[in-house]
Structure formats: structure tokens, C-alpha cells
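Asker: Below is the structure I would like to discuss, written out as C-alpha cells.
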Amino acid sequence: MESVNQTASVAEFILLGLSAHPKLEKTFFVLILLMYLVILLGNGVLILVTVSVSRLHTPMYFFLGNLSFLDICYTTSSVPLILDSFLTPRKTVPFSACAVQMFLSFAMGATECVLLGMMAFDRYVAICNPLRYPVVMSKAAYMPMAASSWAAGSAASMVQTSLAMRLPFCGNNIINHFTCEILAVLKLACADISINVISMGVTNVIFLGVPVLFIFVSYVFILTTILRIPSAEGRKKAFSTCSAHLTVVVVFYGTILFMYGKPKSKDPMGADKQELSDKLISLFYGVVTPMLNPIIYSLRNKDVKAAVRNLVSQKCFTQ
């Protein structure tokens, strides 16, 4: 009962964001708002194209539509809160809203990791076993694959959010972040968080390590198969079908490695600058990757590029 009462004593959290740098807030408000609009427009167009163009009703583009919808959900779970914090002097968020935002962000991130792995498997079957592709990647197979990605990400997020929100918070409610990022929230708990840390580590291995390994092995087989194609034109055509996905994977995981793998400064004088740098990197990670995904697929995929061009021309013609 004592733990429950302590937790209930914190009714809201205060998000620091860029409070220490008020001059930057207006600039970043405009910048993040523009990027968010590009995310909504770009991913919205991709969803519209993959749904409305019949020749794109294939497993690869079905997964792409899911990825675009996921990116919209991921950014919408945090960007409006970030934009509001740039304009509001007192940047508070209710305890329950913080839990919801934490759940949605974690769920979308975990789902994207699994979904990128599913997309790698799709490309592996298409290139390494093309004759079996219609059977292996039938509608009865790829739809449950996508659904399981969402279910796995949501389940993992539910576990992590529940463990975090059950912790006692004894008055310190200042989150040194733009959003209710789970690691930042755990630092405020006035109880042992070893179970949370272990659970988070296991989850990271499952949702980061396993998909990365799976994608790596898939592309080893894919590249081996492509290099065996005798003609240069054939190799180029085969590689073009997976280059967009490979680029998205490199951007997604490369950013994560840069965020969490870069060395920490040991200079106390540079602690504030490092802290600001970490915040901005985290902020841009949440919007840059979802913004780049539709751009990458539009530029590096001929079918998507042609479909978008036809859709735009039809709209212009009807007007």
C-alpha cells in the first residue's frame, strides 16, 4: 500500500526539453513542425499509393504501407507533445498521459524493428527463391507476419510500460527529456529498478539484436545470389528491388548505434553541451528516420516513383 500511495503522489511530470535554451525553442518549433508535416504528407502518399494502385498489391508494398502507417503513429505519439512544450512555459504532462505516450513510442519502435526483419525475409525469398515466392509469401502468410509484428511490439511495450509505471515516484517528477522516454522516467523512481533494467536488456536483445542478425544473414544470402547472376543488368535489377529497404535499415540502425554507441564526455565543463547534444540527437532521430523513409522509397524504387507520378498527374488532370 505504501508503494501505491507514493506513486499516486506524483500526478504529473515536468518535461525539461530545451528549457535551459529558450532561444532555441522557437527555431526548433518551426523546424520540427515542418518535418512533421513532411512525414504526414510523404507517408500518407505512400499509404495511398500502396492501397490504390493494384500492381502494388504485393507483400513488399503491403509491408511498406505498414511501415508508413507505423511512422505516422510513432511521430504522432510524441511530436505534438514536443511542439507544445516549445510554446508552453510550464511543460507538464499528466501521469496517465505520460504512460500512454511511453507505451505508444516504445510499441512503435519495437514493431518497426520486427517489421524491418519481415521485409528482409520477403526480399530474401524474392531473390533467392523466386519460383517459390508466390507460395511462401502468399496473402495467408504475409498478413499474419505483419500482424505479429504489431502484436509483438505492443506486448513488449505493455510489459515495459507496466513495470515502469508501477514503480514508486517520491516527488522528483522532472524528466530531463522532450517526452516521457522510458529510461528518463526510470531515473526518477525511488526504488530498485534492477528488474526494469534486466527486462529492458532482454527486450533490446529480442527486438534489436535478433532482427539485426536476421537482416544481416538474409542480406548475406541475397548478395551471394545476386553476385552469381551472370549479366550486369540482371544483377542491377535484382539489387534495385532491395536497395531501398537496405538503405532504410542502415539509416534506422545506424542512427541508433550513433545515439547509444558514441563515447560520453569525461569533461565536467562539457557535460551541459553533451546533454544538449544527446537531447537534440534523440529529437531528430524521432523525426528524421520517419521523414526519410518515404523519400528513400520514392527515389530508389521505380514502381513507387511511377505510381506517385501517376497519382499526382491524375489529381492535376481532374482539377
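Placement of Cβ uses the backbone N, Cα and C atoms for every residue, glycine included.
Pulled the feature table from TrEMBL, pasting it below:
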TRANSMEM  28-49  transmembrane segment
DOMAIN    42-297  domain 'G-protein coupled receptors family 1 profile'
TRANSMEM  61-83  transmembrane segment
TRANSMEM  103-121  transmembrane segment
TRANSMEM  141-159  transmembrane segment
TRANSMEM  205-227  transmembrane segment
TRANSMEM  239-260  transmembrane segment
TRANSMEM  280-299  transmembrane segment
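So that I understand the layout, could you describe where these features sit and how close they are to other parts?
Answerer: Long-range Cβ contacts of the transmembrane segment (28-49) within its own chain (Cβ-Cβ under 8 Å, at least 6 residues beyond either end) map to 18, 56, 64-65, 68-69, 71-72, 75, 79, 82-83, 86-87, 283, 287-288, 290-291, 293-295, 297-298, 304, 307-308, 311.
Proximity of distant same-chain residues to the transmembrane segment (61-83), defined by a Cβ-Cβ separation under 8 Å and at least 6 residues beyond the stretch ends, is recorded for 15, 17, 29, 32-33, 36, 39-40, 42-44, 46-47, 50-51, 93, 101, 104-105, 108-109, 111-112, 115-116, 118-119, 122, 142-143, 146, 149-150, 178-179, 248, 283, 286-287, 289-290, 293-294, 297, 303-304.
Here the transmembrane segment (103-121) has long-range neighbours at 60, 63-64, 66-67, 70-71, 73-74, 77-78, 142, 145-146, 148-150, 152-154, 156-158, 160-161, 179-182, 203, 207-208, 210-211, 214-215, 218-219, 245, 248-249, 252, meaning same-chain residues at least 6 beyond its ends whose C-beta is under 8 angstroms from one of its own.
If you look at the transmembrane segment (141-159), the same-chain residues 6 or more away from its ends with a CB under 8 A from one of its CBs are 59, 62-63, 66, 103-104, 106-115, 118, 121-122, 199, 203, 206-207.
Through the fold, the transmembrane segment (280-299) approaches residues 28, 32, 35-36, 38-39, 42-43, 45-46, 64, 67-68, 71-72, 74-75, 78-79, 82, 177-178, 181, 244, 247-248, 251-252, 255-256, 258-259, 305, 308 of its own chain, all at least 6 residues removed from its boundaries and within a Cβ separation under 8 Å.
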